Amino acid sequence: MFLLHEYDIFWAFLIISSLVPILAFWISGVLAPVREGPEKLSSYESGIETMGDAWLQFRIRYYMFALVFVVFDVETVFLYPWAMSFDVLGVSVFIEAFIFVLILIGGSVYAWRKGALEWS
Amino acid sequence: MIIDTTEVQTINSFSTSGFFKEVYGLIWIIPILTLILEITIGVLVIVWLEREISAAIQQRIGPEYAGPLGILQAIADGTKLLLKEDLLPSRGDIRLFSVGPSIAVISVLLSYLVIPFGYRLVLADLGIGVFLWIAISSIAPIGLLMSGYGSNNKYSFSGGLRAAAQSISYEIPLTLCSSTVDIVEAQSKYGFWGWNLWRQPIGFLVFLISSLAECERLPFDLPEAEEELVAGYQTEYSGIKYALFYLASYLNLLVSSLFVTVLYLGGWNFSIPYIPIPELFRINQMAGIFGMTIDIFITLAKAYLFLFISITTRWTLPRMRIDQLLNLGWKFLLPISLGNLLLTTSSQLVSL
């Protein structure tokens with residue numbers, strides 16, 4: 001990445017846009033008042049006293065969604081170059097890509113039927 | 001930045017005069033600063049537009065005290081948030097708490113690199129283009145998870161997880177639909193009827209819904225739902241960090257609207273039939289600063305049309321539940337977008 005000169009402006013823009021929150025925090029650190037108090041440091045639980053620990057047990061269904069997302073994201077990464085340069089490739093490539101998408105649709109149907117996409 | 005010949009001549013004339021010799025090396029920073037200025041003004045305009053349009057829909061008057069017609073409302077809000085005390089949760093992870101909104105803002109700002117505002121008026125003419133936006137917008141859920149976890153509040157944590165699940169669920173239909181479009185130059189071949197809006201109507205609808213869900217706008221508003229989760233992952237934030245989330249939300253909305261314009265609505269081409277202004281077409285093909293200004297104006301006008309649609313949708317439709325939302329993303333939009341991809345490619349194959 002460091003040898004590709006067309007990305008120079010990307011790095012410059014990254015540095016400049018990371019200055020935006022830094023600048024915001026600094027200005028706020030200078031201008032904003034600080035008046036500590038015990039009530040201010042407690043967590044918000046709609047006005048009542050907090051009950052129990054602050055960290056929930058992580059539910060497995062978030063992980064299932066993320067897992068299925070990773071599978072489909074990698075599929076999309078593979079489908080992108082095919083979709084872009086589609087017209088110069090032949091029919092045989094189309095059939096191969098079609099089989100690939102069918103395999104992944106099979107995986108999607110499996111995940112659906114097994115309940116990986118349920119939120120209950 | 002890829003710039004037109006007239007700009008190159010202007011810059012060359014600057015470089016020949018010896019006074020500007022040392023400034024010439026830093027000339028690359030001017031397009032970046034121009035874009036940042038444009039983005040800032042865009043956000044101010046969007047905040048004002050949102051207040052005015054929502055007021056009009058709800059049959060009341062919008063902001064009217066901050067400046068004439070309430071134009072300075074966004075600046076007033078920003079200044080107020082800047083001056084508020086920055087509360088840090090007592091047992092939360094302070095570093096994650098601060099870095100979370102920063103990542104959300106930075107990842108959205110970086111997407112502005114690849115938007116073309118006119119013919120070759122793009123900040124980074126990368127070969128990957130749209131894919132850079134898709135890749136960088138996938139970093140935003142990390143910021144949401146960090147802010148939810150670092151808040152030391154079970155409701156924030158739960159809200160952050162839900163927001164991240166929503167974000168990643170709608171990435172895939174977004175990516176698949178943007179892979180089937182050919183961008184502005186190919187659309188301009190056929191004029192108004194060549195816009196991808198007509199050639200890919202299913203893709204357009206799926207893209208619109210997915211980008212609304214990515215921006216966490218109503219009807220996909222659950223991370224900010226006031227009744228269900230207080231304010232979700234934003235509960236413990238005050239002052240400028242809250243303002244950064246607010247900013248990231250509107251920036252995301254603007255960049256999504258710009259991408260919809262470029263991918264589906266013909267970008268900077270102005271070729272609506274039945275409008276009898278042929279001299280405008282001749283001006284459109286004219287090179288030079290005036291042509292570029294017209295292109296930018298057309299792109300922004302189309303993007304603001306989408307903003308209007310997004311804001312109106314927000315105040316029209318009720319909020320969706322989290323399971324309805326995820327079902328829509330995985331069980332409805334994903335098969336439709338895969339089908340759209342296969343349909344597009346097979347119809348192109350047949351016509352070859």
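Cβ atoms are placed via backbone N, Cα and C, with glycine included.
According to TrEMBL, the transmembrane segment annotation covers B:23-49 (among others).
TrEMBL lists B:94-115 (among others) with the feature transmembrane segment. Residues 35, 39, 88, 122-124, 126, 128-130, 132-133, 136-137, 139-140, 142-151, 233, 236-237, 241-242, 244-245, 247-248, 251-252, 255, 258-259, 262 of the same chain lie 6 or more positions beyond the ends of the transmembrane segment (B:94-115) yet place their CB under 8 Å from a CB of it.
Sequence annotations record features per position, and here TrEMBL assigns transmembrane segment to B:121-146 (among others).
As annotated by TrEMBL, transmembrane segment applies to B:243-266 (among others). If you look at the transmembrane segment (B:243-266), the same-chain residues 6 or more away from its ends with a CB under 8 A from one of its CBs are 39, 42-43, 46-47, 50, 77-78, 81-82, 101-102, 104-105, 108-109, 111-112, 115-116, 130, 133, 137, 140, 147, 178, 181, 183-184, 187-188, 192, 194-197, 200, 203-204, 207-208, 211-212, 214-217, 234, 237, 299, 302-304, 306-307, 310.
According to TrEMBL, the transmembrane segment annotation covers B:286-311 (among others).
Residues annotated as transmembrane segment in TrEMBL: B:332-350 (among others). Listed by sequence, the residues of this chain that lie at least six past the ends of the transmembrane segment (B:332-350) yet keep a Cβ under 8 A from its Cβ atoms are 170, 172-173, 176-177, 179-180, 200, 202-203, 206, 209-210.
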